[in-house]
Amino acid sequence: MRLFGTDGVRGKAGEFLDSFLAMRLAMAAGIYFKDKSITNNILVGKDTRRSGYMIENAIVSGLTSIGYNVIQIGPMPTPAIAFLTEDMRCDAGIMISASHNPYYDNGIKFFDAHGNKLSEDIEKKIEEIYFDDKLIQASKVDMEKIGQAKRIDDVIGRYIVSIKNSFPKDLTLKSLRVVLDVAHGAAYKVAPTVFKELGAEVIVMSDKPNGLNINENCGALHPVNLAAEVKRLRADVGFAFDGDADRLVVVDEKGEVANGDSLLGVLALYLKEQGKLQSSVVATIMSNGALKEFLNKHGIELDTCNVGDKYVLEKLKANGGNFGGEQSGHIIFSDYAKTGDGLIAALQFSALMLSKKKSASSILGQVKPYPQLLINLKIAEKKDLDKIKGLKELKKDLENKNINTLFRYSGTENLIRLLLEARDIKLLEKEMKNVVEFFKKALNG
C-alpha cells in the first residue's frame, strides 16, 4: 500500500488521515531522520484547517514517543516551513496541509534538514518503516528519554525578513494598489504584512479563517471574486494564494485572470534581462506550447518534467537552473526558496511591473497561450494507461488533427486529468467530448 502521493500524504481528515495514521507516520519519519540527526529537533507547522489541531497533536505524540523534540509554530505557509527548517537547524520539517483542497481534506508533507522535499526513494523508506511493527515498537523510548514539545509564536518575523530580502533593494511598492486574496489560509497574516511593509496600498480578502472556510470560493482556485474586486477598486494588480500559499494566481488591472504559463514566461524573461537566469527554465508536461515558443524566441531553453513542484526542483538541480514552475501557479525561484512560494512570485511580478513601468496586462499579454481544455474526470479505478485498449489509436488520431494530449491520474484523488491543446477551440471542444466518453467507458466499466 502506498501512503505518499505526488505531494506528501493526503486524504480526508478523520477517515484516511486519522490521528492513528498521523502518529505512526510521524514515528516512521522520525525513525528515518534519527540516523542523520544533528539537533534532535523537528519543526511542525500547519495551515488553518480545523483538523490540523488533531493531526498536529498526533504528530507531536509520535515524535516525542521516539525521543524527538518538537517545535510547533502554528499556521504558516508551506514555503515558510521549508525555510525555517533549515534556518532553525532542525533535522526535518513537517507541514500539515492539503494545499488547495477543501477543508475536509488534510495532508502531511516532509522536508529534510536543508528544507528540501523528500525524494520518492526516501518516501518509500519511510513507508517501509511505517508498516514494520517490530521496528515501530522497538523505537519507543523510556520515560526519561521522551521528547519535549514547545510552541514558538514569533518565528513569523524570520520568514517575513527572508521574503522581503527577495525584493530588489532599489524598488518600493509605494505606487502600487494591490488586492490580496489569502484564501482564509496560512498566509492570512504574512502576505498583508509583507506588502504593507514594502509600501503598497493593500486591500485584503478572505483573511478570516474559521477552520472550515479555507479555499472556499476564494484563493488561487477561485479567483473570480478577486478579479471583480481588482476592477471595482481600480487596483494595479491582484494576487490570489491557495491554502498553504505555495502557489500564486495573478489578476491584471482589467480583472483578467492570468494564465500560469504566461506568468512563467514573463518572469523568466525578467530574470534573463537582469542576467540572473541560470541554465534552462523548467516547466511540467502540462505546460502550454506557447510558453516554449515565447521562451525560444528570447533565446531561453525550456525543459519539462513530471507534474509536481518537487520534480521541477529536482530538474532544476540536475540542470544547474534557478527558475521553473507549474501552470497551476507553483513558481520556484531557487535563489530565494526551496519550494514554490506564492509570496516570492508575487513580489517578483510586482518588481517586474515597477522596473518596466508597465501595467500587468501589457506585461502578461506578451505570452498568448494556445487554447487548452482540461477536465478532471472522476473514475472508479486507475488502470495502467498503457494497457487500455484503443488508447494508442485515440492519441494517434488526435495527433493527426494537430491536437496535443496529456492524460494522467491525480496522485491524491480518484481522478484522471484529460488535457487537450490546439489552436482551434471548437475542434478541442468537439474532440474532448469523445475523449471523456472513451475514458468513462474504460475506467468506470
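Any Cβ shown, glycine's included, is placed from N, Cα and C.
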Self-check item: Mg(2+) binding, same site as Asp242, Asp244, Asp246 - Swiss-Prot member from Ser99, Ser119, Ser410
Solution: Ser99
Quiz item: Among all the protein chains here, how many other CB atoms are within 10 A of the CB of Asp244 (Mg(2+) binding site)?
Solution: 35
Quiz item: If one looks at the chain holding Ser99 (active site, phosphoserine intermediate), which residues at least 6 apart in sequence have a CB under 8 angstroms from its CB?
Solution: Asp7, Thr78, Gly107, Asp242, Gly243, Asp244, Asp246, Arg247
Practice problem: Using a 10 Å cut-off, grab the number of neighbouring Cβ atoms around the Cβ of Asp242 (Mg(2+) binding site), all chains included. | Solution: 35
